[in-house]
């Protein structure tokens, strides 16, 4: 584990460096799949499902029978847990609804702003070792609350052509009924272009491996929006001498088990705490089923000591962590001062995994420093704000002359004319 | 002018097609400038300013003396007009402030959402034939209202090394004091990487030519966000038999004068109205200083007749216009039914140019069909929403078991452990 003491400002860049990702070499593959899907639709999907997922599917749409079957397979305890999470996520995202706003900026000039749903949404849910059914809750719940008309979900089939039942159960619980057994690049391409069976969507959400990441980037060249740029998941914990080292270690490890490229950082104003947490990590890592992954991530982790909380805050804002745990006596100093973070977890009893699953906040968050300029997924991610204006005769008389002057100064005579022609009639 | 009658649904794609843009061939140039600016900073800026703008600048930062001088040069009438616009834009964008929301999703589990400003913002304002000082109002005002700490503005110098005084006046009025005489690709590169004189920013806003558009796209590969993908400006007017054809024609022309690739579309349930508007366009276009540009844009324009208002609405939502003017007797049918549009202008006395300058709404809007999934620039464009959660001992007892079950079902044991270790202590 890397312990770093009082890095100078000129070392911050190096200290806060994230693992570099190389994507150039897979762009060619992604382009090829996109081209073929755009031209051949379902035929290309079939081919790549066979090639990449090792299964030949007659039908890529999940049937009602498969969903019913999945519902039966989920133990009632897990169903209840998922329901608890669903209720909390629903409550928190429903509270994010905003009313339209309306302002008469000048007498006779009414302007208003309203949010309307993005009509067609695509969700990508990875399969593989961890079936991320929790991500369905995080994406499908706000999509439904926003009023999106069409929600499409793609997830890869396993070698038997099946989808994990927890994924089907959760999708069905959230009212998603267009579920397709399509994975990776070909899934993103299908939702980007549409095929005979898969509807084209306007915005694609969801995590994935590097192929999915590059495919989502490419999708943006074809008039599709994506939730946010992707990067490996990351956690930064700030802990002073009052923190509980075994809790901090458990949180750092929960992040480390995500992948070998996960980012795990601790910042502390206590050298003792750094040592204790390091010891606890060594202790706790032993029992983990995903120990190998966690160990590699921990190798790249950093435990950073700084003298003052002011330095700590500045360093943290410079990093802009996806997840930020605050476990110090003076919580408010960091709560008030943090500007760049995706989601913030406060106090001893608020582990990151609470937000990952069930507290109610969204777990789709900006990584890779993007917390500096991107929001995590929230209700607004599924809507767009539109503006409206209605001007009366008096209104155009009031602001018309200003428009004429400005249009003329910008050299745009036809813009001016559109006002002049109306003002003339009103004389 | 292309008049199209009752296109069938299978023809919609063709009828609603936008001009294609080719960007591949300029990507190499943009990459080259980016590389050089990232490595050599101001030296590279100097070189490209000399090459592309034809002027050698000692100092690329606009001085206080230059700003004072510019303020003197603006006629007081224009100053008043800009002030009127500023007040309206300020009023409408200030009203967009939202309070944080807070929800106790479960007893002991507090979740809240707050918006915090993006700290560093870059604005690009083109020079050239039309000095778009109005765009400064549209970007700098919400940036200030949001509380962005650093706002940087780049705009190209003319051959004398000067910047249009209306640009300097408006920037200064909006409190922007970091103004750089840097244009095009090198401006975007400077704000992306930072140089000795130009600060690096987190998000870049503003219009520009194809070089700027491609440069902004490239910037997103270097952890910078942009306002939205760009495309030629466009207007769609829906008009029934009650519309005023000379007003409609004046609006279509105000759009057409923007550029030869501007999109101008009219949809009507009245064949007579289509003919009258076509006549009025021919009439009004004669007097325009930018007639040549407008004529070329009008050549690509479409006047589309459909039988019913239901067809009209569906067609318009399929197009997703940047600007949408409604001039019909039953306005509410379209106001309520429009889902995909950037900004909506209602009634005879609401020309698009009102929104371009002074009504209070923002004129930086999604083009190219992006109204289907993107908002126009608004106060939130300068902020990001963050979530917070604080869980008490009781809270983790309440939701802990659900988290444990879900984490286990996803195969993420360390996520479960972070809860288990806490619950154990609380037994």
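Cβ atoms here come from the backbone N, Cα and C positions, even for glycine.
Curation plays no part in TrEMBL annotations; they are all automatic predictions.
What you are looking at is a predicted structure, and each value in this text was computed from that prediction instead of being measured.
Database features (TrEMBL):
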- B:124, B:186, B:209: NAD(+) binding site (BINDING)
- B:233, B:255, B:258, B:323, B:356, B:410, B:415: substrate binding site (BINDING)
- B:255, B:258, B:356, B:415: Zn(2+) binding site (BINDING)
- B:322: active site, proton acceptor (ACT_SITE)
- B:323: active site, proton acceptor (ACT_SITE)
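Overlay of TrEMBL annotations on the structure.
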| residue | record | contacts (Cβ under 8 Å, 6+ apart) |
| --- | --- | --- |
| B:124 | NAD(+) binding site | B:153, B:154, B:155, B:187, B:188, B:191, B:204, B:205, B:206, B:207, B:208, B:212, B:216 |
| B:186 | NAD(+) binding site | B:33, B:37, B:44, B:45, B:48, B:49, B:52 |
| B:209 | NAD(+) binding site | B:126, B:184 |
| B:233 | substrate binding site | B:255, B:258, B:259, B:262, B:263, B:322, B:323, B:367 |
| B:356 | substrate binding site | B:134, B:363 |
| B:410 | substrate binding site | none |
| B:415 | substrate binding site | B:403, B:407 |
Maximum Cα-Cα separation in Å among residues B:233, B:255, B:258, B:323, B:356, B:410, B:415, which the record lists as binding substrate: 56
Cβ neighbour count within 10 Å of residue B:258 (substrate binding site): 23
Reduced DSSP assignment, residue B:258 (substrate binding site): coil
Filtered binding-site residues - B:124, B:186, B:323, B:356, B:410, B:415 - keeping only those with Cβ under 8 Å from chain A: B:356, B:410, B:415
DSSP three-state assignment for residue B:233 (substrate binding site): coil
NAD(+) site, defined by B:124, B:186, B:209: further same-chain residues with Cβ within 8 Å of the Cβ centre: B:126, B:154, B:156, B:183, B:184, B:185, B:187, B:188, B:208, B:211, B:212, B:215
Helix, strand or coil at residue B:356 (substrate binding site) [DSSP, three-state]: helix
Other CB atoms within 10 A, centred on residue B:322 (active site, proton acceptor): 27
Binding-site residues: B:255, B:323 - member with fewest neighbouring CB atoms within 10 Å: B:323
